[in-house]
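Residues annotated as [2Fe-2S] cluster binding site in TrEMBL: A:CYS243, A:CYS248, A:CYS251, A:CYS259. Per TrEMBL, the feature domain 'FAD-binding FR-type' maps to A:5-107.
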Amino acid sequence: MRNPYLPLPMKLVKNFTETSDKLIHTFTLEFLNEQDAENFKYEPGQFAEVMVYGKGEAPFGIASSPTEKGILKFSVAKVGVVSTALHMLEEGSIVGVRGPLGNSYPLEQLKGKSLTIIGGGFAFTTLRSTIQYILDPANRGDYGDLTVIYGARNPGLLLYKDELAAWDARSDINLVTTIDRAVEGWNGRVGFIPAVTKEVAPKTDYAIICGPPVMIKFTLPVLEECGFTPDRIIMSLENRMKCGIGMCGRCNVGSKYVCKDGPVFTKEQLDKLPNEY
Amino acid sequence: MIINKNEIANILTKLAEEYLVIAPVQKDGIVQFSAIKNGAEACLTFANTKKPGKEILFPQSEELYSYTIDTEGVRMQANVDQKETIVFGMRPCDVKSLVLLDNVFKNDQYQDVYYLTRRANTLIVGLGCNEPAATCFCSNMACGPFAKEGSDIFLTDIGEAYVAEGISEKGQALLAKLGLGSATAEQKALANQLQAETKADGGVNIAGIAEKLGGMFEHPFWDSLHEKCLGCAACTYLCPTCHCFDIADEATDCNGCRVRNWDACMFPLFTLHGSGHNPRPNGKARWRQRLMHKFNYFVDRYNATACVGCGRCIKNCPVNLDIRQALADIRALD
Ligand SMILES: Cc1cc2nc3c(=O)[nH]c(=O)nc-3n(C[C@H](O)[C@H](O)[C@H](O)COP(=O)(O)OP(=O)(O)OC[C@H]3O[C@@H](n4cnc5c(N)ncnc54)[C@H](O)[C@@H]3O)c2cc1C
Ligand code: SF4
Ligand code: SF4
Ligand code: FES
């Protein structure tokens with residue numbers, strides 16, 4: 001019997017300060033055991049429990065793409081015990097990782113479809129995974145048009161600035177970045193995501209959206225106006241978690257456990273569940 | 001088979017030489033499950049143990065693994081309990097709760113090795129209830145004072161002796177090994193009569209409750225139900241089917257362990273997010289969760305109600321909130 005509580009040991013190879021307020025760091029981890037690297041097969045949208053020995057464990061979305069071999073990336077906001085401990089870890093430290101956990105964006109089902117991907121704040125992490133995956137030469141041909149709308153409060157808070165620049169330079173992705181208020185030197189759009197989404201008025205087969213609850217709340221009606229039916233809007237939920245495997249009883253929404261049945265649900269599925277998330 | 005009451009202590013003492021024997025014991029003023037070496041310690045005259053039988057397979061606090069970290073890497077040691085165990089004298093409601101918990105600790109994807117290893121190594125001797133307590137309503141909950149589901153051996157108290165039935169193969173094998181005498185036709189008849197006639201009917205009728213609750217999430221009923229609740233979580237800790245837990249670290253710099261502890265949805269911190277958002281911010285949402293989980297969500301997920309009618313939540317609630325009444329009130333709603 002495999003013990004789902006035992007973490008895999010990983011080495012922190014990079015602790016990178018992602019945002020200008022220094023509150024978000026991106027961690028690059030390498031498997032200590034080669035076999036673990038082989039076995040750890042994940043898909044964009046999944047998460048893992050990251051453990052700082054002696055401090056505890058917390059769930060984070062996997063920010064790397066399966067196409068980036070041998071490593072895992074997590075972008076973590078400093079909010080509490082585990083996240084603060086992670087921020088303070090020196091490169092070379094060992095952490096534990098349990099995963100991959102949860103379901104993923106249905107990328108198999110989305111083959112041949114055009115996509116709009118909308119992200120707000122640091123919830124952009126698993127969307128990075130998805131975009132990297134789709135843009136990989138091995139996969140790009142499987143998907144149609146790709147529009148990405150990504151917003152942050154100010155330019156300094158945008159994650160993955162190098163990648164955003166690289167994506168922007170490509171012709172096979174329509175990247176729209178936006179910030180809340182105009183600042184000098186910013187050439188992208190200004191405005192909140194719902195408004196920008198309305199302007200862009202994406203016409204694709206599916207929309208994937210991930211961000212803070214308020215942003216989701218105001219963007220969903222816009223997406224419906226743009227013609228996305230609830231079965232074509234894909235969202236990712238966040239709930240407080242411990243076990244990550246459907247046993248500790250913490251993260252349920254109705255009869256679904258977000259850790260195991262989610263975190264990815266369509267709006268159609270969520271409409272059938274109690275509004276308690 | 002028949003076990004005379006005056007033989008019980010000897011049998012248990014003998015079994016304890018080979019197995020870990022756990023039985024109800026009168027200790028610190030309450031009856032609780034405890035490992036025994038001497039069979040005379042077992043107390044088989046009790047309405048129900050204070051803490052539920054789940055604690056034997058899913059302890060209130062248990063170490064999942066310990067670790068040592070140094071320049072070489074990490075060494076982890078999982079502490080999976082392998083002892084061959086006999087639980088002697090568990091009431092049918094608690095036995096049934098284990099059948100329900102099996103669903104949780106073994107899902108289609110993950111296996112809880114700690115619970116499942118203990119489960120596989122544990123033989124359960126169930127003990128019927130001749131005199132159910134006033135708070136018991138197992139007969140209403142697909143269970144009953146003489147329900148045998150989940151027991152390997154089942155005992156019926158007929159006065160001077162217990163009629164023992166081997167239910168599972170494992171149970172039959174142990175009974176054969178004990179070399180007991182056969183029950184007479186009269187003794188069997190008496191046991192059958194007790195089994196057929198003893199009821200713990202709390203007047204609870206849950207037919208259709210799951211479906212009804214399905215449409216009741218926004219119902220004003222929840223606004224008042226929780227009002228006198230203190231949020232102490234006694235009802236959930238002492239419930240044999242409640243399985244929620246927390247995982248915590250106990251560590252110094254390089255050595256540590258991860259421990260899991262019972263936790264409960266009646267606590268506000270249970271679902272508090274790092275962002276400060278709490279999907280269940282008040283007593284209303286938490287009582288609704290408790291009831292919904294037992295009578296709707298669990299049914300939806302595992303096709304069974306997560307309540308066995310043991311009455312512990314009723315007996316131990318400091319403000320006398322009664323789940324039987326809550327269910328009756330839900331029934332009475334239009
Ligand atoms: C599927 C999923 C994916 C996620 N992905 C990411 C991600 O990619 N990046 C990311 O940064 N975050 C992510 N999160 C959120 C992240 O899991 C939490 O921010 C994280 O658990 C915080 O852990 P912590 O130990 O640092 O915080 P904790 O120390 O647990 O607490 C953080 C805050 O929670 C509250 N709190 C918790 N416990 C208590 C208590 N006992 N008393 C009072 N207040 C308390 C307080 O507000 C506290 O400041 C994700 C969550 C989920 C479920
Ligand atoms: S809900 Fe109450 S009566 Fe039902 S099993 Fe739990 S403690 Fe016993
Ligand atoms: S035991 Fe009673 S007071 Fe305590 S949480 Fe349960 S219902 Fe509320
Ligand atoms: S985190 Fe334990 S059930 Fe979801």
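For all residues, glycine too, the Cβ spot is worked out from N, Cα and C.
Burial and contacts for the listed features, if you can.
Listed in sequence order, A:PRO59, A:LEU101, A:GLY102, A:ASN239, A:MET241, A:CYS243, A:GLY244, A:ILE245, A:GLY246, A:CYS251 are the same-chain residues at least 6 apart in sequence whose CB falls under 8 Å from the CB of A:CYS259 ([2Fe-2S] cluster binding site). In three-state terms derived from DSSP, A:CYS259 ([2Fe-2S] cluster binding site) belongs to neither a helical nor a strand segment and is classed as coil.
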Taking Cβ atoms only, which of the binding-site residues A:CYS243, A:CYS248, A:CYS259 fall under 8 Å from chain B?
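Sorted by position along the sequence, the hits are A:CYS243, A:CYS248.
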Please report the number of other Cβ atoms within 10 Å of the Cβ of A:CYS251 ([2Fe-2S] cluster binding site).
27
With an 8 Å cut-off on Cβ distance to the A:CYS243, A:CYS248, A:CYS251, A:CYS259 Cβ center, who else from the chain surrounds the [2Fe-2S] cluster site?
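Near the [2Fe-2S] cluster site, the remaining chain residues are A:MET241, A:LYS242, A:GLY244, A:ILE245, A:GLY246, A:MET247, A:GLY249, A:ARG250, A:TYR257, A:VAL258, A:LYS260.
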Please name the residue among the binding-site residues A:CYS243, A:CYS248 whose C-beta has the most neighbouring C-beta atoms within 10 angstroms.
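The most densely surrounded of these binding-site residues is A:CYS243.
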Scan A:CYS243, A:CYS248, A:CYS251, A:CYS259 for binding-site residues whose C-beta lands under 6 Å from an atom of ligand 2 and note them, or write none.
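The binding-site residues passing the 6 Å Cβ test: none.
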